[in-house]
Amino acid sequence: MASHRRPRAPSPTPDHLTASYAPTLQPRFPVRPNDHLDADERRANAQPGKLRKHHIGGLNLAPAEWKILVIVVIIASFVRLYKISYPDSVVFDEVHFGNFASKYIKTRYFVDVHPPLAKLLLTLAAFVGGFDGHFDFKEIGTYDENTPYVLMRLLPAIMGVAVVPLTYLTLRGLDCRATTALLGAFLVTFENGLITQSRLILLDSPLIFFTALTAFFWVGFSNEDTQRPFTEEWWTWLALTGLSLGAVVSCKWVGLFTIATVGCRIHAHPRGRGMSDTFADVALGSAVTLRHVNTQGGYLHSHLHTYPGGSKQQQITLYPHIDGNNDWRILNGTFDGATDFDWTTEPISQIRNGQTIRLEHIATQKRLHSHDVRPPGDANDNWIVEIEEGAGRGQTVKTLKTKFRLRHPMTGCYLFSHKVKLPDWAFEQQEVTCNKNAVRENSVWYIETNNHEKLGDDAEKVNYKPPGFLSKFLELQQVMWTTNAGLTDRHAFDSRPSSWPRLRRGINFWVKDHKQIYLIGNPFVWYMSTISVLLYAVFRGFLILREKRGYKDFHNTTLVKYDQLCAFLATGWVLHYFPFFLMSRQLFLHHYFPALYFAILMSCAVFDAVTANLKPRVRLQIAGVVLIFVLWNYMSFSPLTYGTPWTRSKCESSKWLKSWDFACGDFYESVSKLDVDQDPSSYALPFTGSRWDEHGGRPAVVVDAPQVQKPKEDAQTTDSVIIPIEPGHDVFAGDKVDNKPISSDRVAEPLPKEALIHTSDTAGSGPGPDNDVKPEKVPLPKNEGAQSTGKADQQEELRSIEEEAKKKVPAGVQEKIAQAQQSVIEKVVEAKEKLKDHAKAQNEEERVRQELYGNEKKEAE
């Protein structure tokens, strides 16, 4: 390859490097004064007083990108913090994690199946908000006014916002274009499932944040490892990756999959356990791979492709991946055109400092060659080994340990590589040349693998130092993982992993006031990410088949770049998804979210690859169209994300799949009717809920009687039904009891143990067992506007409503209303009688307790 070359095509120079012989032309261009510098050094030399800037972690962001990123973060903040105080009641698994925070603050011991970091962060937010742990989150219902639930929700919401810039920076670190990175940030911003999960007191938002943080740090470390290993920045990125891995596994055991993702990338690399032990002594006849030290561009490489101009001889490049075309045979070098040493028959002769050798490309049987003019014989194939540092300095070359330079004796040039990629005709691989004034750091090599037929199994072998902590750490966590896997109880909204990529079903989080919070993803983002993963799998399989048939697709550096990028993301997706198939425990859709994050990054990588050859404006337009579809889906399902008003018709039109079981029947046809429904006077009767069974029973919920204000002619009356629900979960829409649909208009909140529902004729009751307040003075819980009224007040209210209804409602409907009212009255009276009996029992219990206390006191006196 020439030191001086035209744009996109090389021209021969006095120091041309080839793998065969051919007449050499004279250079057409004069020698430039700074020709001895590589590309980076030339740019620095062209600007005196300016140092070459190294982009930390491979991030080369323009100032405009930072401004755009700030705008994206502001948008993400609005999306995730919008109405975060609503609903003001315990939602879904806030029952568990809020209760854990309460116990932490009260320093009470408890056992959980997950590590504590995420719960401790939630506890910290509660502590900062002044929470003393008095509210135990045991029941789904309205929050106590002294519980800082908004601040506790704010922590996962902020972490959800932080995932957005991490997505952008990770994609830029993976060498994707700014347009692609911006698209990825918006995909995460408007993913409805991620939004819903980050707005509540749950563990998944911290888990996804630390997963994204680990991916970002690992990408930064990989870039530093490629460019400048073992520098301060290299160690910093490595340490941050380790800390982030510790944080993600300290949130939930799913973090072990993130450790496995990074571990696979380490151990699949030549510097990990993916490389077998290799012989330490390098001798004539050894089959070796030579690796460049400074640029970390890869291995000395050749293939059956020639330069299109100049000598038209076989190309010599630097290739960053393990390949059979990286293998070279070390032969003896002479000046008389013939070798005087047959390594197959002679004793082993180790390579020493100053020795003349030849490098023969094993796959093509061509020798590494450089020349000014064509002399007789093969002297231009000779190279002198000059040991620079490492074990064996001044003596022999050692695999992995010895760094050396290769000097061409005929021209005095050194084998040299720098950060310049060749055009498409060389598959964009890194340039290798021979330079008389080569920068020393860019002309240093070492041998990574070494094999010799005459070296026995007892010969000294070397390898990179294997890491041992990771395997021990994984073994230590096995017992706790087994405990987590033992959670096998079923749930009304659980699902299996096979349905997650298809978004077959969501989770009903909360139903109240004809509003719902239903966990469901953005279908466009979801399906696009799933299709991208499948496309890469098919394309990778196709490339493997082509490679088996002799095609050299993997010699194209651009293709290899996207293959390695997608392989990393596919590894993350596979390791965060497929292990769930091995679990028999209770699983939910939100367990797919870490894998979803990698799938979203995969969709961006596929987008970047597909649009690589398009003009920037066209690429931006395509990204804009994709974003429009994302926004449309986000807006369509936002009522389920935020619990905002929705109409029945819009809900039904948004049910793309029959398996999406959010209850459209719970919504009104018009949002204006919802405003009327919020007025407490519009209800015929208040409703009530039962207490928790003090002996471990399950709670019951009384569902509303039908409304009587402006009923339709075809309105159907629904009887009040008592249904059991799972402890800590709300009533889910769509359930049936006795084959009758249950209205989930509003769900009564279980009463606290200290409270008793009472009416004016229960006065005079004694104190209850849990506190010293008389029942008639215990305030009612705020239960959907329910009022404590006497029997006369109730009958008066019913009569007034009945009179008004008679004027506007047909007689047939009035009769149905009257029947429903009578049924409700009977149930209320029955409940009151039970409460009276309960109050009497409490009084009797208190009387006995006082009597026993008095007897004990007398005995003590």
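The backbone N, Cα and C atoms fix where each Cβ goes, and this holds for glycine too.
These numbers come from a predicted model, not from an experiment.
Here TrEMBL gives region 'Disordered' for one range in the set 290-315, 836-861: that range is 836-861. Across the domain 'MIR' (394-450), the prediction's mean pLDDT works out to 84. For the transmembrane segment (150-171), the list of distant contacts is 59, 69, 72-73, 76-77, 80-81, 84-85, 98, 101, 121-122, 124-126, 128-129, 131, 180-182, 184-185, 187-189, 194-195, 197-202, 204-206, 208-209, 212-213, 215-216, 219, 597, 600-601, 604-605, 608: same-chain residues at least six beyond its ends, Cβ to Cβ under 8 Å. The DSSP breakdown of the domain 'MIR' (279-333) into helical (H, G, I), extended (E, B) and coil residues amounts to 3 helix, 29 strand, 23 coil.
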